[in-house]
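Asker: So Swiss-Prot lists these for the protein:
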BINDING   34-36, 40-46, 229, 259-260, 267-269  ATP binding site
BINDING   66, 210  L-glutamine binding site
MOTIF     33-43  motif ''HIGH' region'
MOTIF     266-270  motif ''KMSKS' region'
């Protein structure tokens, strides 16, 4: 699958032109998350794009934390973001914090005030909204808009010195209250917040707004191409205004691309936080949420995620990607290397009545059905086995060829076995089935005397390792979860997690560790959970089923 199609990557074309015309000798990009939550798969697209472009064009990429809001940020998120970037396979040129530039930002704000381009305003947030106007009506000027430069300098310094309460005053850019672009109607540059910052402590009680801080940070770092998502397109004129009016030496270019949306998936950080806070999911790393921590715990590989992000490419048009596309890339990634093993998720005991009670036979079974070079393993086989409950049906429906009374099937890598008896409990539930095997039908023996229509997997009851299986379905029922007509909590799937107690064959997993991946015969690709697996018990997360109707390019 080619990575060069990628919507003909218009950002690459911009970079190529900038390098060929000599506008830049080299490029510097950045990934600038706010450390107020865990990164999700949408951020993975941005990480792959920014770091990938820097690598492709022999440039540099910085990791910068836009930590300008002390009320929402935490060191926990800083560390998780660093881990996510590293896990995806990238490293940064510089590790920066917006808060390290607070002194410089303050100086640039003073430049605006001295040029008559910024003023201290006393309007409340509610009053400011009333003055701002609408998309069809111009705004009204603040009564404080024409304060003198001297008065503004004095008030701004007093804001910095902590003389005013939170929300009592703001510093605003003085642009155009009648602009058709609402972002240019005197946006706030600084607000007062008497809060302890995770990096600067209590040094500051005024903090820059993102729209002001971001272009200043980019210019300070010499970023050549400031790549962001499409919702910032209307803010580009403001971005350019701040770079120009703050007299920045370096002039970065903001470029917007469409964000990643995936069906049945909540991508809003605010909504994800609500799911975590209300205990609907098991933390930020719950395998059902699209955080990078969550999909890593579920068992996704960084390579599959990078391939997915490369294939969807970049565009100027918002769209929703089918989640099965990501699953496709995961299967493609795991199929060649995840060792084949047998696990029974919903066990039903099978007793082979004519097999010797004290006999244990070691059978050779392939490690990868599509790659003989991976060899074979020895799997124990004895009189008592476990099979899947749905591999038996007392009264079979049409075209059901697995176990039913009188029917014969092949046990994978073993023998033909015919169902001879059914054991039920006092409530009529099937708890055990009996059968007989034919010693002449051993796999690999060349037996051709008769054929069966079904092969099923199994585990040996004596040696099988008890374990837990966790199966996941989409957390959100609505195909488009951002549907504004419903509250997203109304779309929660009550059956998004199923926990089963079953068994796995011992050969492949006896020395396994968290995050190891396996292909369970007929059941899917699984990964060992890093949170609930203990020395006493393995917990397996199903990453994806084995098959899907999804085909790339359709």
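Using the three backbone atoms N, Cα and C, a Cβ is placed for every residue, glycine included.
Provide an account of the burial state, proximal residues and distances for the features listed.
Answerer: According to DSSP, residue 41 (ATP binding site) is assigned to a helical segment. In this view, residue 41 (ATP binding site) is surrounded by 23 other Cβ atoms within 10 Å of its Cβ, with every protein chain counted.
Here the Cβ of residue 210 (L-glutamine binding site) has 17 other Cβ atoms within 10 Å, regardless of which shown protein chain they belong to.
Non-local neighbours of the motif ''HIGH' region' (33-43) in the same chain are 65-69, 72-75, 77-78, 80-81, 84, 198, 210, 259-262, 265, 267, 269, 272-273, 284-285, 289-295, 305, 326; each lies 6+ residues outside the stretch with a CB under 8 Å from one of its CB atoms.
Sequence-distant contacts of the motif ''KMSKS' region' (266-270) (same chain, six or more residues past either end, CB-CB distance under 8 Å): 36-37, 40-42, 259-260, 289-290, 475-476, 481-482, 488.
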Asker: State the Cα to Cα distance, in Å, between residue 66 (L-glutamine binding site) and residue 260 (ATP binding site), rounded to an integer.
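Answerer: Distance (Cα to Cα, whole Å): 21 Å.
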Asker: What three-state class does DSSP give residue 229 (ATP binding site)?
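Answerer: Once the DSSP labels are grouped into three classes, residue 229 (ATP binding site) ends up as strand.
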Asker: Taking DSSP three-state, what's residue 260 (ATP binding site) in: helix, strand or coil?
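Answerer: DSSP call for residue 260 (ATP binding site): strand.
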Asker: Looking only at Cβ atoms, how many others are within 10 Å of the one on residue 43 (ATP binding site)?
Answerer: 24
Asker: Identify, in sequence order, the residues in the chain of residue 36 (ATP binding site) that are 6 or more apart from it along the sequence and have a CB within less than 8 Å of its CB; answer 'none' if there are none.
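Answerer: Residue 36 (ATP binding site) has long-range Cβ partners 69, 72, 73, 74, 77, 269.
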Asker: Looking at the binding-site residues 34, 66, which sits with the largest number of other Cβ atoms within 10 Å of its Cβ?
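Answerer: Neighbour-count leader: 66.
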